[in-house]
């Protein structure tokens, strides 16, 4: 099964006692939070009639009837593409041909006629050789999902989480990728299957915003551009550089740094700058 398809699948054996039909069919179970069956059969929709398909509850009803029925016949051991049933006219077992994927059984074979198969109508499918009397309804993608592969007569639709979301197994639905907070960077970006992986910014790097894609950034080097370091960078802000004029005086005017303090580093750092031995023209 495609790794991006999040539809749980089960193998269910069922029989219809009035025709003594048996077999295995792979059924697609709808995802939580998606009212797929009611959505397709809602009044005013373009869906086919509700009785045009074999629904999951009907399958379990057939399974219950199977448990209460004895003497059931099933697939031929010699050929898995055939099944055995009792002919109502002769009362003897007859071997019938199963229907290929994309078809359903319209009429069983008899001692004198072969099985009659018909193609699945639009909006339904059968994925394996079968002898059921109705095709299965195509699945509908749920919230925050997109169609990866559309439904065909022989394959159910495949859904995947849309960009920026991943499949959360606890909630059984697609959930938005987590954002790494300030001071942390993205170690591994999220995919359709996995959430974002964050890590603390190591020494010499920083991240000053929440992001699901941005990694930590290297601190700027003030000396490389002929400036002095006014404030060393931390995990959540960059280094602050400035040029020093020793002839102006010892006290740095508070208003000269108010924009920087409010935007990035806070009042404690602002007080520290006022204790420097020169006035800085700050570059940020």
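From the backbone N, Cα and C atoms, a Cβ is placed for every residue, glycine too.
The disulfide bond feature in TrEMBL is assigned to 120-135, 138-151, 141-159. Per TrEMBL, domain 'TNFR-Cys' is recorded for 119-159. Residues annotated as repeat 'TNFR-Cys' in TrEMBL: 119-159.
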- Give the residue counts of the repeat 'TNFR-Cys' (119-159) per reduced DSSP state, in the order helix, strand, coil. 0 helix, 16 strand, 25 coil
- If you count the other CB atoms within 10 A of the CB of residue 135 (disulfide bond), including all protein chains displayed, you should get 24
- Note on the structure: Across all protein chains shown, the one of the disulfide-bonded residues 141, 151, 159 with the most other Cβ atoms within 10 Å of its Cβ is 159
